[in-house]
Amino acid sequence: MVALTSAQREAILNGPAGYPPAGKTPNLSDPPNMHTVGRIVHLILFIVASLCFIIRIYTKAFVVRHVRMSDYMMIIAWLGFIGYFVPAWLLGNVAPGVDQWNMTMRDFIKMLYYFRVGSVLYGICIFFIKASILLQLVEIFCHRKDTFYWFCHTVIWINFLFYVISTFVEIFSCRPIAAAWDVLISGKCMNVRLLNVIASSVNGFFDLIILVLPQTRIWQLQMALRRKLAVSTVFLFGILACASAITRLAYAVLLFTTTNNIAYYSYMAGLWTLPELVAGIIAGCLPSSPKFFQRLRQNKMMTKWGSSLQNLVASRGGPSHRRGRGGGGLSGDSYMMEVPKEGSKIKQQQQQQEQEHQEHERHRQRKGPPDQYPLTSFASAPGTIDQSTSDLSYSAERLGEGV
């Protein structure tokens, strides 16, 4: 490519980025776009994923009080997701579903740059999401290094190698690197669009594997059918990630075959990576939600009890106070003498509740050993799958907690 002068480059940057189909003319001022829809989708998905992530980390840190490797992986994934969200948002400012002939070359170059940065961050983020989910499956379902354990770890390492290689190729696919987005400079590039098709295919394949893996163990558990269905439904939420990955693959294929509308299909392929990431985060955080809402219900009960107690004190103290001021019934001094009695009743109630709580704890300790596997939605005790222990009823009860 012949080097362009500054004036020539500026003229091209201000012109349309592609040739329109027959019968259409470029609309660079106000082209049809998906700006509003894209903004709404981005914000809703970001808020939902944020809430699920906060619930998981809060539950593990303050309710279960046992943070595991899968939780640290999810924290890294969340940081990567925030990093990914920035170029995705900026891409929506430049080319929100705009046909290539309806945007300037300047905006087209910006779009390719944000798309490339987002693709790199996507690979990092999706790996840690998958690693977190797979490690969580190991923590829940594996009590020894069996086939399920080794298969999960094998999938983790295969994904690690794949995303390291694909990220490296994504970054260094062009020489110079800037040629990947600046189409006006000379350079040599690999076929990155073909890489996107391959990456989308591999990604969708492993999404399906991760979706099926927990189901192979759930239906072997010694639990009632209703609880099996409940646990199975929690882990089936990953089907949304699979659907998003398949849709993204379809747009990646269209992007690979198109020659005159790279901008539109790049945006659509990138847009479907967001629900895939969010569905993965939600699927990894959902098992924590039962413990969280269980704690929330307990707090509400304590608040309701406290309000009822305050109303009781007010209803008993108010009339006495009024009678004292009116001159009849109890005097003001008599009312003041009754306060310690009410406080004594409150103290007796508190002591009684404390005794009931201590009795409950003693009963629980007699009923079974403490939870050695303090997970989120349920605790996996040895013998729930391979029936290596005799107390299967205890295992089923522990597995059902919070589900």
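Glycine too: its Cβ is placed from the backbone N, Cα and C atoms.
Listed in TrEMBL for this protein:
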| type | residues | note |
| --- | --- | --- |
| TRANSMEM | 40-59 | transmembrane segment |
| DOMAIN | 55-294 | domain 'Rhodopsin' |
| TRANSMEM | 71-91 | transmembrane segment |
| TRANSMEM | 111-135 | transmembrane segment |
| TRANSMEM | 147-172 | transmembrane segment |
| TRANSMEM | 192-213 | transmembrane segment |
| TRANSMEM | 234-256 | transmembrane segment |
| TRANSMEM | 262-286 | transmembrane segment |
| REGION | 313-403 | region 'Disordered' |
| COMPBIAS | 374-393 | compositional bias 'Polar residues' |
Stretch-level contact, the transmembrane segment (71-91) and the transmembrane segment (262-286), CB cutoff 8 A, at least 3 pairs: yes
The domain 'Rhodopsin' (55-294) [mean pLDDT, rounded to integer]: 90
For the transmembrane segment (40-59), sequence-distant contacts whose Cβ falls under 8 Å of one of its Cβ atoms, 6 or more beyond its ends: 71, 74-75, 78, 81, 85, 88-89, 92, 271, 274-275, 277-278, 281-282, 284-286, 288-289, 291-292, 295, 376
Beyond the flanks of the transmembrane segment (147-172) by 6 or more, those residues with Cβ under 8 Å of it: 116, 119-120, 123-124, 126-127, 130-131, 134-135, 137-138, 141, 190, 192, 195, 199, 202, 206, 209-210, 213, 216-217
